[in-house]
Amino acid sequence: MSRLRTSQGGQQANAGQQRRNRAIGASSAVAAFLAFGMAPLATAPPAQADLEDLFDFSWFNELFAPADTTAALELAPGAADGLGFDMTSLIDQWFYTPMHMGIQAWITSDFGEMINNSINQMAGLYLIGNGIDGTALNPDGGAAGLWLGDGGAGWDSDAAGVAGGDGGDAGWFGNGGAGGDGGAGADGGMGGIGGAFMGNGGAGGAGGSAITAGFGGGDGGDGGAAAAWFFGQGGAGGVGGNGSNGAAGTFLNGGNGNGGAGGNGGTGGDGGRSGYTFGNGGKAGAGGTAGNGGDGAEGTAINVNGGNGGAAGSGGAGGVGGVKFDGNYGSAGADGAGRDGATGGDGGDGFKDAGGYHGNGGNAGRGGAGADGSITGAGGDGGHGGTGISGGNGGDAGGGGSATGSNAGGAAGNGGAGGDATGAAGILGVAGNGGSGGYGGSSATGNGGAGGSGGAGGNGATDDDAIQTIGGNGGYGGGGGSAYTSGNGGSGANGGDGGTGTLKGGNGGTGGGGSYSQLGAGGTAGQGGNGGDATGWDDGSGTLFSQGGDGGTGGWANGGGIAADGGNGGAGGNGAATGVSIGGNGGAGGSGGSGQQTSLGGSTPPGGDGGAGGAGGHGTAIGGNGGTGGAGGTGGAGGTGGAGGAGGNSAGTAIEAGNPFGLAAGSEHAGNGGNGGLGGTGFNATYGNGDPGGNGGAGGAGGTGGGAVDGGNGGNGGTGGEGGGDGGKGGLGGAATGTGDGGNGGNGGTGGIGGVGIEGVSALDLLTGEGKPEVGGDGGDGQAGGAGGDGGAGGTAVSGDGGQGGNAGSGGGGGNGGRGGVGGTDAQGNGLAGGNGGDGGAGGTAGSAGAGGASTSGNAGAAGNSALDGNGGKGGDGGGGGNGAAGKDGSTSANAAGGNGTDGGKGGVGGNGGNGGTSGTGTAGNGGWGGSGGRGGTGGAGGTGGVDASGKGLNGGNAGNGGVGGAAGHGGDGGASTTVTAGNQGNDGGGGYGGTGGAGGNGGAGTDGASAPNAAGTDGQTGGNGGAGGKGGAGGTSDAGPGGLGGSGGTGGQGGSGGDGGNGGTSKAGDGLDGGNGAGGGNGGTGGVAGAGGASTSGTAGSDGSAGSGGSGGSGGGGGKGGTAQGVGNTGGDGGDGADGGNGGAPTGPGGSGGAAGQGGTGTGGATNGSAGTGGSDGQPGS
């Protein structure tokens, strides 16, 4: 709780203070000081001492150095633990408590009061002394002295609705004052704060308990904080006040007869914070008790109906323990306990006199909720409905409190019973329904709380078959509380049973669901309540009519680390043994819980089994049908489906028109058996073997038919779960004991389909898509299909015909095989083989047909129809072979020929397809397709040629050849079948494509001739030849599939250009010198040969690849220009000749351009100019 705090001034107090030890004589004080080593007090100055002696505080400083505790205080924390107590306890017991007692003895002694008053007066401040206690006029306790003393206690309120006073705060050394208790229904006061150096927080005051009906209790006060730097314990929180019970209902003075609501319990106060270095947090206060709901008033002659019961109050929550503020010594305080919810008030009975009831019963009040918190409260029970002509409904229960931390969630309360109904002449009496059970409280890391049971439906409380009554329905069972992580889930509770009646019994309540847990066990599911019996009602015709109530549905189980089973359905109620009676239907079973799935097969826990269906009730005319079994839960292995309930018997009594049920004449029959539940699906993991599916549940037996009534039919077996679960067996047909025919047997359930095989692991890096040096993984085999269930035998007969046998269940289809993984690439660049496909699973065998029922004097029943085995699964496809890696390019150098490129890697072989699954009488599975061969790698390019020391261009490198494509995988064989078509052979895969040849390297360019001022130009150097293009890789082969396409040849390299001639200079005589001749260009490289198409034995051969183009010839070098004459009458130099261009490479490479002729030099003074050189011819194209 939190309230504004006030304080009143402190003074030296010698009056007795509440909750604190008081009057200790002066002699006792001196003795105490001597005992604790405080020797200076033995020589303290007398009262008539000089003024300077009065202000000698050496004795004060020595108060805090007791000689006999020094050694103990020097213990390390580990040493203290070894002695059986911690350092905080040692400080408290051997240091603080003795010192505090000594100081209190001093403060409260006559001599101490005299000295302290003198010091306080001279200082003008309240330095030493206790705070005064609170009063009604000033409720809060006063503050202690700034140096020494305890805070005053808060006032204990004696006035209803008025809160207690807060405790006063301590100064430097001392305890905070205790908070005062609250008045009736009011909050307790807060404890005072402890001393700044040493001191405990004051305890919180208790909340006041309510004294007025239906009022809630006050909250407990929070404990005071220990603000001490050295040592201090947090104050304890006050307990919450109790809520009062609701007032009983009354019709007096204009009352409505309804009971009043109960008051809620008050919340416990929080514990105070600990000191910094040493100290514990304060213990929290417990919550207050809740008040029960008031009972409804009984009906009167004026107000004939009973009053309703009041709702109950909720339990008070416990406070939160004080925190450990800091430091290494001490701990947090304990949390306070939460309280249970209270019980709802009962509904009042209707007015009754000697002639019986004249009014209806009142409805009951609901139960109160349990408190949430660290320590939870349980939910309260609902009240009981009142009795009357019609009964009142039972009250719903309160839920359990939700827990924090590892504590368990609170258990829920139970639903109240419905009130009985007596009916009256000509008046239908309907009994009250049972109240629903509460839900269990959840827990963060602990176990979930259990749900509460549903209340029983009220009965038709009369033996007079002339009065018509109907039983009340049972209440729903409460679900368990969730355990979110490591704890176990809470259990669901059972549904309430339906009540009895003369005409009709009440229906059973549904069972509560078990709760979920991530790692622990899932909660158990509750059972459905049984339907109520009917005793018979005479409508005045002399015939008794009656109908049993239906059974309740079983609760479903939730998932968990360990899955729980579903709850069973409740049995249908029976009709009366005489007259025309109808049995109630059985309730359906609940579904099993799912195992918490993981990413790897085999590690997932199995699913829970489905609950069994309830049996149908017996009747003279109609037997009730059995309930359907619940489905098995999914998980590792799937859970088994629940069995169907048996049908109820019919004695053969005929139904005539005009009956109170509205049934057609002649509609009498025995009950049919319930169908079995479905099997749960097994978990197919991404990597790992799949888990098996659960088996289907067996069908229930049909009920027996008497007289002319046929026996009931057996229920069908449940289908097996995916993963190859077996189908359930069909139920037996019911026997006919009179002239009727036997019931038909139930059909067998179909087997579950087998799980699909896992896909093989591909040897590819998921991030880069590049192949790893591994072969592809093989695909997993498909699971076999489950066996079909046997048909149930037909029912026997005496003079009628025997029942027909149930049909056999078909076998489940086999699962398909998994695909093989794609191959990777080895260290040499060659592709690796793809994985083989998995085989398809075998089809499951069919069940046996049920035998026809025998007859004593009639015809025997025919046997059921047979069924086919399940189809075989398809084989998995083979994985593709890995692609070859590209060859490396040749090196390029400035002064050497170009390096040759390396060949591309070979493609990997494709994986084989898996074989198809077999089947006895069904269709066999087809074989899987073979995987395609991997693509050959591209050849590496040739490197560009450089230039030698003389300036001549060097040849380019030859390119690498393309890799050969991988061979195709073979298709899988088709599965065999005994009586039907066998499976088809799978297709072979296609051969891999051949790799493309690399491009030839270019030739190096020739160096130009040199030009000098007084010399003829030098000739240029020839260019290098281009490298040859790589050969295309051959396509991969295949037996029946298409061959692979051949790879294309690589392009030849380009010839290098010839160098130009140098320009001529001028001689010393002044004549121009001749220019240099250009050099020839290099020839283009030959194009690569086309790769051959892959061969195929019976399929289409692959096409050849395209040949590579020849490289271009290099350009011829141009002639150098003749030198220009200088002076008068000197001749110009002749120009150099251009060189021929290089020839193009085969095929179709273009020739290089011829070099241009050099210009002649210019003469002077009319002298002759130099002649122009001859141009070069173009190179020949490649042939």
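Residue numbering: from 1, along the chain as shown.
Cβ atoms are placed via backbone N, Cα and C, with glycine included.
As annotated by TrEMBL, compositional bias 'Low complexity' applies to 8-18 (among others).
Marked as compositional bias 'Gly residues' by TrEMBL: 504-534 (among others).
Residues 471, 473-474, 477, 479, 492, 495, 498, 504-514, 522-534, 563-575, 581-593, 608, 611-612, 614-615, 617-619, 624, 627, 630, 633 of the same chain, all 6+ positions outside the compositional bias 'Gly residues' (548-557), place their C-beta atoms under 8 angstroms from a C-beta of that stretch. Residues annotated as compositional bias 'Gly residues' in TrEMBL: 548-557 (among others).
In the compositional bias 'Gly residues' (604-620), the DSSP tally of helix, strand and coil residues is 0 helix, 1 strand, 16 coil. The compositional bias 'Gly residues' annotation in TrEMBL covers 604-620 (among others).
Look at TrEMBL and you will find 774-836 (among others) tagged as compositional bias 'Gly residues'.
Mapped onto DSSP classes, the compositional bias 'Gly residues' (874-887) shows 0 helix, 0 strand, 14 coil. The compositional bias 'Gly residues' annotation in TrEMBL covers 874-887 (among others).
What TrEMBL lists as compositional bias 'Low complexity' is 888-897 (among others). Panel annotation: around the compositional bias 'Low complexity' (888-897), residues 940-949, 954-960, 998, 1001, 1024, 1027 of the same chain, lying at least six beyond its termini, place a Cβ under 8 Å from a Cβ of the stretch.
Counting residue by residue with DSSP, the compositional bias 'Gly residues' (898-945) contains 0 helix, 1 strand, 47 coil. The compositional bias 'Gly residues' feature in TrEMBL is assigned to 898-945 (among others).
Residues annotated as compositional bias 'Gly residues' in TrEMBL: 986-1007 (among others).
Feature annotation from TrEMBL assigns compositional bias 'Gly residues' to 1020-1096 (among others).
According to TrEMBL, the feature compositional bias 'Gly residues' maps to 1105-1183 (among others).
The region 'Disordered' annotation in TrEMBL covers 1-21 (among others).
Feature annotation from TrEMBL assigns region 'Disordered' to 375-400 (among others).
Here TrEMBL flags 504-557 (among others) as region 'Disordered'.
Residues annotated as region 'Disordered' in TrEMBL: 587-620 (among others).
As annotated by TrEMBL, region 'Disordered' applies to 713-747 (among others).
Counting Cβ pairs closer than 8 Å and at least 6 residues apart in sequence, the compositional bias 'Gly residues' (1020-1096) and the compositional bias 'Gly residues' (504-534) reach fewer than three and form no contact.
If one looks beyond the compositional bias 'Gly residues' (874-887) by at least 6 residues along the same chain, the residues whose Cβ comes under 8 Å of a Cβ in the stretch are 757, 759-760, 762-763, 771, 776-777, 779-780, 782, 816-825, 829-840, 901-917, 925-940, 960-961, 963, 966-967, 969-970, 972-973, 975, 983, 986, 989, 992, 995, 998, 1030. Within the chain carrying the compositional bias 'Gly residues' (986-1007), a Cβ under 8 angstroms from the stretch's Cβ atoms is held by residues 831, 875, 877-878, 880-881, 883-884, 886-887, 889-890, 892, 898-899, 901, 904-905, 907-908, 910, 913, 916, 926-947, 951-974, 1020-1059, 1079, 1082-1083, 1085-1086, 1088-1089, 1091-1092, 1094, 1096, 1099, 1102, 1105, 1108, 1111, 1114, 1117, 1145, all 6 or more beyond its ends.
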